[in-house]
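Notes to accompany the following structure.
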Ligand code: SAM
């Protein structure tokens, strides 16, 4: 019996009804290129193997790797290592990424995957409910921030359903939720790095105006966006405009 390791954010799914709903949400097709992040003891992995010809998984915990290897499943391709260092270019594309993500690194995983957006068909994740709410938040809301802007610039973000703590062992302290991320057909920008820089600065001091937060990179004369506002009032398109206006300065 594997003892859950906190350092790897291990909360294993034990509720078969929830597992069935996750698989139904993914709706795997025979020839999908699936990548599961953090398969753990295989709660989602094993049911998925009934559907697909090939399932790649990336897991950091060597004990769990041994368990997965002992299954000797012909359709399961196991990668040992840190997903944050995993190169998606080694897999056939387009990739459908899924996972009950380790909560301690979930934002870093999302940002890492953003860098490989052109390889990704869609993504379905279990995350803390609060993180999913931040990803899907609209401007004007207190929880609208860097994660909302970065995700909604590239994806249609949809919270699918909420998962209670009792569905896991050990039970996390907070509620979780399944989120589906579908890349927008028309990317609003290709320049992730510049957008990230602008968004990070804009939200660096939420109570201050944009004029204050962005003064090192942009002045009011260089943009039509009203910089007397706070970052949380700006729409995604406003952030794209700010990014373009910043780029024009070079
Ligand atoms: N999928 C399983 C389930 O639903 O029961 C396990 C989910 S558990 C929340 C997260 C999994 O991610 C664990 O198996 C953990 O070892 C793995 N993990 C944690 N950090 C990782 C990393 N940096 N790279 C790859 N896997 C990681």
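Just so you know, glycine gets a Cβ as well, placed from its N, Cα and C.
Unlike curated entries, TrEMBL annotations are predicted automatically.
Within 10 Å of the C-beta of residue 100 (S-adenosyl-L-methionine binding site) there are 27 other C-beta atoms, taking all protein chains into account. Marked as S-adenosyl-L-methionine binding site by TrEMBL: 11, 13, 38, 59, 82, 100.
Among the features that TrEMBL reports, domain 'Ribosomal RNA adenine methylase transferase N-terminal' is placed at 18-185.
By a simple count of nearby Cβ atoms, those within 10 Å, the most crowded of the binding-site residues 11, 13, 38, 82 is 38. Residue environment of residue 59 (S-adenosyl-L-methionine binding site) contains 25 other Cβ atoms, counted within 10 Å of its Cβ in all protein chains.
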